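Here's the structure, in structure tokens; my notes come after.
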Amino acid sequence: MTDLQVCSFNVRKIISCVLILLFYPTIVSCECTCEVEDSKHDKGEALKYKLGSILSILVAGAIGVGLPLLGKKIKALSPENDIFFMIKAFAAGVILATGFIHILPDAFDSLTSPCLAQNPWGDFPFTGFVAMMTAIGTLMVDTFATGFYKRMHFNKSKPVNTTDEETAEEHEGHVHVHTHATHGHAHGSASPEEDLALSELIRRRIISQVLELGIVVHSIIIGISLGASGSPKTIKPLMVALSFHQFFEGMGLGGCITLAQFKSTSMAIMATFFSLTTPVGIAVGIGISSIYNENSPTAQVVEGIFNAASAGILIYMALVDLLAADFMSPRMQSNLRIQLGANVSLLLGAGCMSFLAKWA
């Protein structure tokens, strides 16, 4: 090969490399058409798996949320038992991984999609902003709601003190006034220990309700996505992964509901509502599958914002209301065995849920 041929060959290689570098972004960007996929899917087989998913996810969610609620009948699952700390830590790890590993990346994908206009979606990190503002909003709801219920409770005990004062004025100068007043306080107001227990109960009820809100928002979105999918190959692994996903989330929510000590009717309503959200979402997805385009800008924006908001709620609840409250409690701090068990359970819960992200 002559020097001229070698030089010509090298020039061709350089030109080819330059052309590849120039046109590669165009080739990659063409992969997103933002149009409804027109691939030939077996709709009958897909529908069969969708219906199977409804049943599987419904049962898994019901079992997951129901197990902690059986704590009153099963001593091993009782909130007073040490093993309940392990279960709560495992569930908190599941919820934390759900926010960080499952929901937040999906929100980033949706709100940074090439199908969206550069202005404003490409000019500002909306996903992180929405998640942050939702976490702050959850903190505000948490504190204001707790304060409101506390004030409402303490205001109810004030009239008793007023009656005592009036009684004291009517019997001024008599020794038995103090005895009567003392009896009045004993019957009309709670002890500091009772007030503290009630405050903690109020907080736990608010935590369980806000946590269910965050889980329900996410569950509806993933249900619609599964129901609208037309590919059996996509639905098969999702059916299994989402069943485990719903089971673990149900355990976390069920533990919070148990500690909140709702009435049996309220517990049943909350558990049923959680169990039905994803199956109902799948049913809605099946109904709109013929017109739903997950790549449309509107769908991307709605899914992205709701997923980011849900992630903010779940991350805040897992770190602040579930993990911090338990891990800094005197009972756990004074017992090394519970500490070690809870930390291992936390890592197991987060690890199991993170592993499921490979399929769902």
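A Cβ is built for glycine as well, from the same backbone N, Cα and C atoms used for every other residue.
In TrEMBL, annotation is done automatically, which means it is predicted and not curated.
Annotated signal peptide per TrEMBL: 1-30, in sequence order. Per TrEMBL, transmembrane segment is recorded for 54-71, 83-104, 124-149, 210-228, 267-292, 304-324, 336-357. Taken from TrEMBL, the feature region 'Disordered' covers 160-191. The compositional bias 'Basic residues' feature in TrEMBL is assigned to 176-186.
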Check for me, if you would, whether the transmembrane segment (304-324) reaches the transmembrane segment (83-104) - at least 3 Cβ pairs under 8 Å, residues 6 or more apart in sequence.
yes
The transmembrane segment (267-292) in contact with the transmembrane segment (54-71), cutoff 8 A, at least 3 CB pairs, sep 6+:
yes
Do any residues, 6 or more residues outside the transmembrane segment (54-71), come within under 8 Å Cβ-to-Cβ of it, and if so which ones?
77-79, 84, 87, 223, 239-240, 242-244, 246-251, 253-255, 257-258, 267, 271, 274-276, 278-279, 282-283
